[in-house]
C-alpha cells in the first residue's frame, strides 16, 4: 500500500484547472489503487503563514526562547515535514501565476525547507533528506510556456524538489487555457490523458 499526498495551491477553488485535474488524479488513483491512502492538503483554503523576520528564527537552531508565533510556525513546520516524509507519492497542483508558482505553494516550501531536517550541507555539497519519493506536478497555465524561457515553474520545482531529495519528478501540463474554450478543453483532455498514463504505470 502506498500513501499519496496531494497539495493544492490555487486561489480559484473549484474553478481552478489545476484543482480539477488534481481531483481527477485522485479519482483515477483510487480506482486503480483502492487500497492506497490519499491525503489532500489545500494550501489556499488553509494557508501557510508567510516566512518573515520573526518566523525564520524559529526554523534555525538556537537556544533563544521562541515567541508564540515562532512556536506555532515551528510546530506547523514539523507537521508539514512529518506529513511529507510519511507519504510515498507527492502530487503538487501548481498553477502558473505571473510565470511562477503561487504564493501559497511558496509559503509551504519555505516551512518545509529546513537545514538538518529536509536537507543538509556536506563536504560534497547539499544533500536532500526526503528520499524514496515520487512527485507528480500538475501545472496549469493561461498561456503556452512549456520548454520556453517564460516557464519558471518547471525548473524551479525540479530544483527545489531535487534539493530536498525528491528526484523522481513527472510533470503534467495544461496550457493555453486562456486561449478560449476549445483550447482549454484540449488542455484538460491532454492533461487527463497524461494523468491516466502515470496512474496506470
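FYI, residue positions are counted from 1 along the chain as it appears here.
Positions of Cβ are set from backbone N, Cα and C atoms, glycine also.
Reduced to three states, the DSSP call for residue 17 (FMN binding site) is helix. As annotated by Swiss-Prot, FMN binding site applies to 10, 16, 17, 18, 96, 97, 98, 99, 140, 141, 142, 143.
Contacts of residue 142 (FMN binding site) defined by a Cβ separation under 8 A and a same-chain sequence distance of 6+ are given as 96, 176, 177, 178, 179, in order along the sequence. For residue 10 (FMN binding site), other Cβ atoms within 10 Å of its Cβ number 25. The Cβ of residue 96 (FMN binding site) has 24 neighbouring Cβ atoms from other residues within 10 Å, across all protein chains displayed. Under 8 Å, Cβ to Cβ, and six or more positions away along its own chain, residue 17 (FMN binding site) finds 10, 95, 140, 174, 177, 184, 187, 188. Cβ neighbour count for residue 98 (FMN binding site) (all protein chains, 10 Å cutoff from its Cβ): 7. Residues 10, 16, 17, 18, 96, 97, 98, 99, 140, 141, 142, 143 are listed as the FMN binders, and the farthest two of them sit 17 Å apart at their Cα atoms.
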